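As structure tokens, the structure follows; a few thoughts come after it.
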Amino acid sequence: MEGGNSPNLQLQQLPLATAAVSVQPHTDSFSYKENLIGALLAIFGHLVSSIALNLQKYSHIRLAGSKDPRAYFKTKTWWCGFLLLVLGELGVFSSYAFAPLSLIVPLSAVSVIASAIIGIIFIKEKWKPKEFLRRYVLSFVGCGLAVVGTYLLVTFGPNSHEKMTAENITRHLVSWPFLLYMLVEIIVFCLLLYFYKEKNYIVVILLLVALLGSMTVVTVKAVAGMIVVSIQGTLQLDSPIFYIMLVCMIATAIYQATFLAQASQLYDSAQIASVGYILSTAAAISAGATFYLDFTGEDVLHICMFALGCLIAFLGVFLITRNRKKPVPFEPYISMDAMPGMQNMHDKGIAVQPDLKASFSYGALENNDTMPEIYTPATLPIVQEQHGSKGVSAPPYRVLEHSKKE
């Protein structure tokens, strides 16, 4: 009896096993397809954003070099750049709904590559021939390394996918790995705020930006994913978690922009681009691996190759940005910060300059006779002593004339 039932049992189990085998490759190919869609959207968004920013820069340069009295926001070039910037940011925003967070964030190196190339071709940034080896070669080597790192990131990126439903996001939000991660991040953030109040180091400011940015990208992926799921037919916009994530996304983005604006006023933009990219990418990958479990089920080879791609992209961005020429501000008068009791030239944004209408000028570096009269330093009036006349009294001070050679 047992022998008669066993063939039937085997025949009944065979279609189930075949169906299981056929479903798994379909799921893998679909997930790789989603990775590719997300990566292409991110690359497209960063490219368009770089073109948009360079268009706006070109608009400012044209207005500065011409006698056009119009404001920058009244030119067609600036508005074209603004519209392209919105399109690029929408592309980056939608990419988070398709691919894992740890794959999308490092692809921001594409914007650095595009800005370096467009800045040379479109804006026509000129470097001296003697600086070619020091600037051009390192920049193109950096671009090549960044491209290689981007290829490794896309090829060996994490392949974990799940629908961004309100239930899944809530489950991730209350999971103990993320709660522990948030506790550590809050402690580190408070320590960084303490050092930030003491001294505005660039690493401290950019670490604050990176920690806020990691929360921004986590909420961006949740919001974008829930919107896409709602468009596909399963409404998620009526869940409270959607609006919690939306508020957190806006708040962290605002504070992140505030710290970035302060960093741009204190430090060079090339330093901010390279150090900020490295710190923000590392923090965002850590947040994605903790919240969305991006690397769950990945083998050691894929994780090592992904980490290698990140390191190569970091090195490429560093080489691209390290040789940018730093702008030297023009200050025709000496700084007064070395003089005790005197106000600094840039103290609280108030410029301390000599009064051109006064009879005395301080801190003039140069007295050139060919300069316009308005820029030549004034001198104290000299009163000659008259020893022969009795009715004229001597001045309370004595001014000695010095020759220009002295």
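The backbone N, Cα and C atoms fix where each Cβ goes, glycine too.
Some features that TrEMBL has for this protein:
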- 386-406: region 'Disordered' (REGION)
- 36-56: transmembrane segment (TRANSMEM)
- 77-97: transmembrane segment (TRANSMEM)
- 103-123: transmembrane segment (TRANSMEM)
- 135-154: transmembrane segment (TRANSMEM)
- 174-196: transmembrane segment (TRANSMEM)
- 203-229: transmembrane segment (TRANSMEM)
- 241-260: transmembrane segment (TRANSMEM)
- 272-293: transmembrane segment (TRANSMEM)
- 299-320: transmembrane segment (TRANSMEM)
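For the transmembrane segment (203-229), the neighbouring stretch richest in Cβ pairs under 8 Å, chosen from 36-56, 174-196, 241-260, 272-293, 299-320, is 272-293. Annotation: stretch 103-123 has the most Cβ pairs under 8 Å to the transmembrane segment (135-154), among 103-123, 174-196, 241-260.
Non-local neighbours of the transmembrane segment (299-320) in the same chain are 102, 106, 109, 112-113, 116, 138-139, 141-153, 155-158, 273-274, 277-278, 281-282, 285; each lies 6+ residues outside the stretch with a CB under 8 Å from one of its CB atoms.
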